[in-house]
Amino acid sequence: MRLRYDKNAEGKLEMFNYLIKQGDSKILLDDKTVLEIGMGKGEMIVELAKAHPELNFIGLEKYPTVAAKCIKKANEYNLSNFKILIDDAFKVDEIFEGQCKVIWLTFSDPWPKARHEKRRLTHPLFLEKYRKILDKDGILKFKSDNDGLYEFSLSSLQNSNWRIIDHGIDLHNSKYNENNYQTGYERKWSARGKKINYIFAQKGE
């Protein structure tokens, strides 16, 4: 179901002090920062922020109407380590400086048509941007219900000199499920019997 546009969404995020307002300088990342690119309604990142108060979490989302859906839960948890930035993922290396601990790509748009390949968040163009803002020991974490995007992402990472730590086609029956926090899409598709693909990778030399 398509969300109804909320013209006040960005104002709500700012009112509750979740919104990062960009100035002329870049936003600083460090080894205590976890970044989710395309956070959607923020179901996963909000739970992660609650579970890990020692870390700082930033959700990057293009659409304020979607991002604002996380406010109720974030307020309920009284989170002080969670912020949102409204911007386009393609500008990620222009927005941030420094290097973060983790980059999450969760249930990204698969852009299935060949002519849209460069829009996929695991295309080599994006991987080169992530390389600039991920710590040398940092991890890129990917999960998706889309098998085609999973196969594309695995190939793209390998061909772009990223080291695959682990990957698989059934996250919920893996050793990682115990510490897995689900997104809305994840709950929806796994409830219908769809297995969830995952990839964990580090940048190569």
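The backbone N, Cα and C atoms fix where each Cβ goes, and this holds for glycine too.
Per Swiss-Prot, the candidate among Glu14, Glu36, Glu128, Glu151 that belongs to the S-adenosyl-L-methionine site alongside Glu61, Asp88, Asp109 is Glu36.
Under the three-state DSSP scheme, Glu61 (S-adenosyl-L-methionine binding site) falls in the strand class. The two recorded residues, Lys113 (substrate binding site) and Glu36 (S-adenosyl-L-methionine binding site), have Cα atoms 24 Å apart. Helix, strand and coil residue tallies for the region 'Interaction with RNA' (115-120), in that order: 5 helix, 0 strand, 1 coil [DSSP].
There are 20 other CB atoms within 10 A of the CB of Asp145 (substrate binding site), with all protein chains counted.
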